[in-house]
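Report on the structure given below.
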Amino acid sequence: MENVFDYEDIQLIPAKCIVDSRSECDTSVTLGGHTFKLPVVPANMQTIIDENIAAWLAENGYFYIMHRFEPEKRLAFVQDMKARGLISSISVGVKENDYEFIRELKAQELVPDYITIDIAHGHSNAVISMIQFIKEHVPESFVIAGNVGTPEAVRELERAGADATKVGIGPGKVCITKIKTGFGTGGWQLAALRWCAKAASKPIIADGGIRTHGDIAKSIRFGASMVMIGSLFAGHEESPGQTIEIDGKLYKEYFGSASEFQKGEKKNVEGKKMHVEHKGSLQDTLVEMEQDLQSSISYAGGNTLEAIRNVDYVIVKNSIFNGDRF
């Protein structure tokens with residue numbers, strides 16, 4: 001690999017502005033035949049999304065992916081979203097009960113709009129088999145497969161039938177894969193995204209390592225169609241985690257999908273738990289993200305997300321905050 005860098009190492013270079021107001025800039029993105037207000041999706045984690053948040057996001061024009069940690073509820077969830085005329089977007093693993101679930105979907109002629117195959121190391125025979133199984137049983141579903149961190153993985157999952165791939169091995173705030181295993185894209189996630197996107201012929205979803213709204217624009221610049229975000233979406237009024245008070249301040253729980261809090265056991269743990277400050281309403285965060293991304297588009301010299309893909313950039317190792325940590 002040539003240059004290795006991460007989000008805080010990159011600054012995008014402005015181009016001549018062509019809009020009178022940032023409100024003229026369109027942040028929408030199309031994925032799998034549906035158009036969404038933002039190229040952003042809350043992480044499919046138990047402390048980030050639940051049925052209520054999924055329905056609210058769908059009703060308001062945002063993409064979502066429901067988590068896979070209550071498998072017994074998945075069928076009813078798809079039925080409910082269909083009944084309400086909303087997009088259905090669910091996650092599966094690669095275990096026998098996941099295969100059973102896909103068979104059940106076919107038997108009931110239920111076709112989720114999106115199915116995300118979601119395991120920590122997605123470049124695997126198990127994921128390839130599941131992609132092929134889904135495409136055989138519910139071929140109309142848009143299949144997102146991951147997570148991966150190499151061009152070879154992207155090509156192989158696309159060849160197997162994936163409609164999009166999710167890039168990121170352990171760069172998230174509550175993920176400790178890099179510490180526990182020595183592997184992953186933590187610390188060079190943005191370079192890994194660029195590397196993978198160059199090999200991709202289908203959409204890429206960047207997953208993990210996003211710490212600021214500017215990182216969304218950087219992900220778009222380096223090839224992401226959609227950006228999955230955990231920690232920035234944790235801690236909202238609507239978030240599923242428990243609210244607790246520490247020294248007079250309100251916090252919410254946020255834990256990784258491979259943490260012992262998620263698994264209920266200390267076995268193959270690659271995630272941790274943290275408390276994030278209570279952030280108010282999810283809608284306020286989404287509006288702020290949209291406004292910041294509109295500003296990014298205006299700096300990129302265009303009026304759609306496409307403009308961001310064409311800007312120049314510089315690598316400024318670890319210096320863009322100049323001591324200012326938000």
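For all residues, glycine too, the Cβ spot is worked out from N, Cα and C.
Swiss-Prot lists Cys175 with the feature active site, thioimidate intermediate, giving sequence analysis as the kind of evidence. Annotation comment: Swiss-Prot describes 204-227 as NADP(+) binding site.
Features as recorded by Swiss-Prot, highlighted on the structure.
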| residue | record | contacts (Cβ under 8 Å, 6+ apart) |
| --- | --- | --- |
| Ile204 | NADP(+) binding site | Val154, Ala164, Thr165, Lys166, Val167, Leu193, Cys196, Ala197, Gly223, Ala224, Ser225 |
| Asp207 | NADP(+) binding site | Ala43, Gly146, Asn147, Lys166, Val167, Gly168, Pro171, Gly172, Val227, Met228 |
| Ile210 | NADP(+) binding site | Tyr7, Ile216, Ser219, Val227, Ile229, Gly230, Ser231, Leu232 |
| His213 | NADP(+) binding site | Leu232, Glu288, Met289, Asp292, Leu293 |
| Phe222 | NADP(+) binding site | Leu190, Leu193, Arg194, Ala197, Ala206 |
In the structure shown, which of the binding-site residues Ser219, Ser225 has the fewest Cβ neighbours within 10 Å? Ser225
Tell me, by DSSP, whether Ile216 (NADP(+) binding site) is helix, strand or coil? helix
Number of other Cβ atoms within 10 Å of the Cβ of Ile216 (NADP(+) binding site) across all protein chains: 27
